[in-house]
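Novice: Supplied in structure tokens, the structure appears directly below.
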């Protein structure tokens, strides 16, 4: 690494960069505090800050219901896909099975599938089984996104666990499954946690399936719900900016707490160490 | 170690391995591979959800027994009532019923058909829903279907002419009879298997090519810009400085928020009347008028690419930064000893060592960009005049706004093929670099 010492010019650049990246959030936050009649003004700060937009955002549409829906669907998806993915990742990285390349290739290929290519059969299936406008109806298609992602990242983490502990567990007479549960899982907990965050965010952000499958307002998730704030004739920017601020806060908190883990998860698949 | 002293059966390592892989493989087959195959199958039919005669995929001419039995029953009831209530039309009604009966007897001359009809009829009498498509939809042979349709057509006309002479409630009742005959006629489902016609229709359709061109343009420009800016940012922040945490968090937030939410934010910032970004761009002369951003073709495309670059460059920079940090310092020192300047160091040390990190990042970003849906659907809806419509947005509109599942499936198969080609090219370029040591050993 060629580490130069950071000078004043560097910090100025950094401040501008961070400001540009954060600008949309700053502006939307400032807008959300403006009263209705100042929404079209380009003044940065309002002198009559009000929470009217927030009140309107949570009463005109069931915003908290959207958040609950997103939370339940993403949570279920994360638990289910991590459970299954941790088995697969363990078997592929630690157990002597054949066709590992084929299995990982299939996983990788299915993570590349365009969701639109599977949307209509999944829609038909969910309609026929009466699962439209339910949580399970979204968890099923979300598996297509989350399972390959989880297997891929977990396999990288499992690979890094030293073999010595496993060998000594074997010598002590542990069965392969005991080794997995009592040796590997505890050691892989940080990796599993990181994967869980990434899978949760991926499910939280999904739009296409949620748009097509859960069409009733009470079952919409956040991305779809937010995009339906605008009507054909008016665009209530005050409501939209307030709603955006409300739904962004949990993500900002998540990112602030877990930023190191998120970065390690994101880069785990792409960089060889 | 197949058996433990306790006598409890234990899987050995290999068996356990296959057992652990099985659930994921089965799920992937069920929710990914199988639906893709179904999409391919659906794309061979003129399959429309909003048209009752085309809402099933039918290979050979068939009869919807549920419709048939239901309407036959209603017609019988109606004709009995009408013959009494309106004697002037009795002759026609009797004639109609005779024709219906004649064809019905011909139909149930086939034993299989007769027993299916009985079964459906008794289920209808018990108000049971008929969910078994194999029972509900029966294929029919020979010319029965077309003869039946022609005969019903004649009877509908005859009933209609009686209706014109009748008045008041009676006329309305006769109208119902005509509608039931129409439904009875409609219970014959002609095959909607069209082979590759959906593909030929849509491959010779200008809108498909516009959508493909838009998608390709969007992919190349946005991924290219993200790579160049992301690499620049990664090179700049690859050093020790205070406040790394803040920079990292601020860079992660755009990546972490839902694309649809980001698209809503940008549609506000780009808005012709109240958008601050549009306002500033017009003020410094980048665009002639704040309104041009979302109302002109080039302005909208620019807006989408801009929003995508904003959302994804930080992610790209993070991936590349991680790659940069694995390059050992000794490489640069050696280059310096050889008298390399900083530009030479970049081209001869950094780039080659970063190659696989760049390619992996490019692969995932290119595929993501090519599948782009939410950003465009929310920000511009594909407009103005389809100028920013991506192929996924086009397929979605055909599928869910026109309810044309046949043609929509053909388009989604086209997206799938494009994505497969792109992946194939990248995987060829990357080779085994894509599997970082996971499978070795």
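In case you wondered, yes, glycine gets a Cβ from its N, Cα and C as well.
Residues or ranges marked as domain 'ABC transmembrane type-1' by TrEMBL: A:67-258. Annotated transmembrane segment per TrEMBL: A:12-30, A:71-90, A:102-123, A:135-158, A:183-204, A:240-258, in sequence order.
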Novice: Within the same chain, where does the transmembrane segment (A:12-30) have neighbours whose Cβ lies under 8 angstroms from its own Cβ atoms, ignoring anything closer than 6 residues to its ends? I mean 6 or more beyond.
Specialist: 44-46, 241, 244-245, 248
Novice: How about long-range neighbours of the transmembrane segment (A:102-123): same chain, 6 or more residues beyond its ends, C-beta under 8 Å?
Specialist: 88, 92, 140-141, 144-145, 147-149, 151-152, 155, 208-209, 212-213
Novice: Counting only residues 6 or more past its boundaries, what in the same chain has a CB within less than 8 Å of a CB in the transmembrane segment (A:240-258)?
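Specialist: Residues 25, 28-29, 31-32, 53-54, 56-58, 61, 63, 66-67, 194, 197, 201, 204, 222, 226, 229-230.
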Novice: Near the transmembrane segment (A:183-204), which residues from the same chain, at least 6 beyond its ends, have a CB less than 8 A from one of its CBs?
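Specialist: The answer is 70, 73-75, 77-78, 81-82, 85-86, 90, 94, 142, 145-146, 149-150, 153-154, 156-158, 160-161, 165-166, 169, 174, 221-222, 251, 254, 258, 261-262, 264-266, 268.
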Novice: Any residues 6+ beyond the ends of the transmembrane segment (A:135-158) with a Cβ under 8 Å from its own?
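Specialist: Hits for the transmembrane segment (A:135-158): 69, 72-74, 76-78, 80-82, 84-86, 88-90, 92-94, 104, 107-108, 110-111, 113, 115, 118-119, 122, 125-126, 184, 188, 190-192, 194-195, 198-199, 202-203, 206, 209-210, 213-214, 221, 265, 268-269.
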